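Notes follow the structure.
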Amino acid sequence: MKTGRFVVFEGLDGSGKTTQMARVQQRLTHMGIGADTTCEPTDGPVGTLIRQILEGRVSMDPRTLAALFAADRTDHLVAPDTGVKALMEKGRTVLCDRYYFSSYAYHAMDMDLEWVMTLNAVNAQILKPDLTLFIDVAPNTCLERIRAGRTHLDLFEKIDILTRVRDNYFAAFERLKDQETVKVVDGNASEDAVEQAIWHGISHMFTKE
Ligand SMILES: Nc1ncnc2c1ncn2[C@@H]1O[C@H](COP(=O)(O)OP(=O)(O)OP(=O)(O)O)[C@@H](O)[C@H]1O
Ligand SMILES: Cc1cn([C@H]2C[C@H](O)[C@@H](COP(=O)(O)O)O2)c(=O)[nH]c1=O
């Protein structure tokens, strides 16, 4: 049986990943392609602890937090029946909100990128994305969107942090340019315009063979 595709959506907090993943899923469904959406952190046991840390209810050393994200990712990949690998083996395409580039960008604020990559080596070995799509939105725009939608801000939702995270994303894309397929899409435009740009970047993966 043909396995599905693994497409990862990356970007700063509030960049529009959830919005655009839903639109791509809808397009794929109309084409008769079965696609599931998922995200990291997951809603599994490790992901639930991570959410508590992000909300400031539990405090954690940055190295431990990075390790928790890597462990949550392994669980996300290999969980029987519902894990990403299992879904793809059933022929499903998986659209994932964040994957290891998030770790490379957010945890390289406190640790070396190489250290974070080593921590995630097992995940990169298990599954590399067919495509990583980075929705590039200015950090101040991301914060405006987040503030418009909710009252409390998570751990990394500050202008100086998001600015550094964006730089770290581009440093990681450059570092891995020979090993990873990454497309950057301008996410500052309207939802419809961003959807068009994303579809332009990924539709070739889903044309009939
Ligand atoms: N292109 C856009 N223009 C204006 N607002 C947008 C755009 N895309 C998304 N939004 C709005 O910005 C907010 C954040 O969008 P969304 O939840 O899709 O982002 P996200 O990247 O998944 O965020 P998070 O990382 O915080 O989960 C939502 O209120 C959404 O409606
Ligand atoms: C996967 C991953 C995520 N993060 C950070 C990035 C965000 O601030 C939150 C996730 O919340 P959102 O709902 O997607 O905005 O967690 C991280 O630091 N490391 C990671 O590996």
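Every residue, even glycine, has its Cβ placed from backbone N, Cα and C.
Copied over from TrEMBL:
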- Gly11, Leu12, Asp13, Gly14, Ser15, Gly16, Lys17, Thr18: ATP binding site (BINDING)
- 9-198: domain 'Thymidylate kinase-like' (DOMAIN)
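All features noted in TrEMBL, drawn onto the structure.
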{"residue": "Gly11", "record": "ATP binding site", "CB count, 10 Å": "26"}
{"residue": "Leu12", "record": "ATP binding site", "CB count, 10 Å": "30"}
{"residue": "Asp13", "record": "ATP binding site", "CB count, 10 Å": "22"}
{"residue": "Gly14", "record": "ATP binding site", "CB count, 10 Å": "22"}
{"residue": "Ser15", "record": "ATP binding site", "CB count, 10 Å": "27"}
{"residue": "Gly16", "record": "ATP binding site", "CB count, 10 Å": "24"}
{"residue": "Lys17", "record": "ATP binding site", "CB count, 10 Å": "25"}
{"residue": "Thr18", "record": "ATP binding site", "CB count, 10 Å": "13"}
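Using the Cβ center of Gly11, Leu12, Asp13, Gly14, Ser15, Gly16, Lys17, Thr18 for ATP, the list of other same-chain residues with Cβ within 8 Å runs, in sequence order, Ile135, Val137, Cys142, Arg145, Gly187. In this model, the domain 'Thymidylate kinase-like' (9-198) carries an average pLDDT of 97. Proximity to ligand 2 at the level of Cβ atoms, with a cut-off under 6 angstroms, picks out Asp13 from the binding-site residues Asp13, Ser15, Gly16. The DSSP secondary structure for Gly14 (ATP binding site) is coil.
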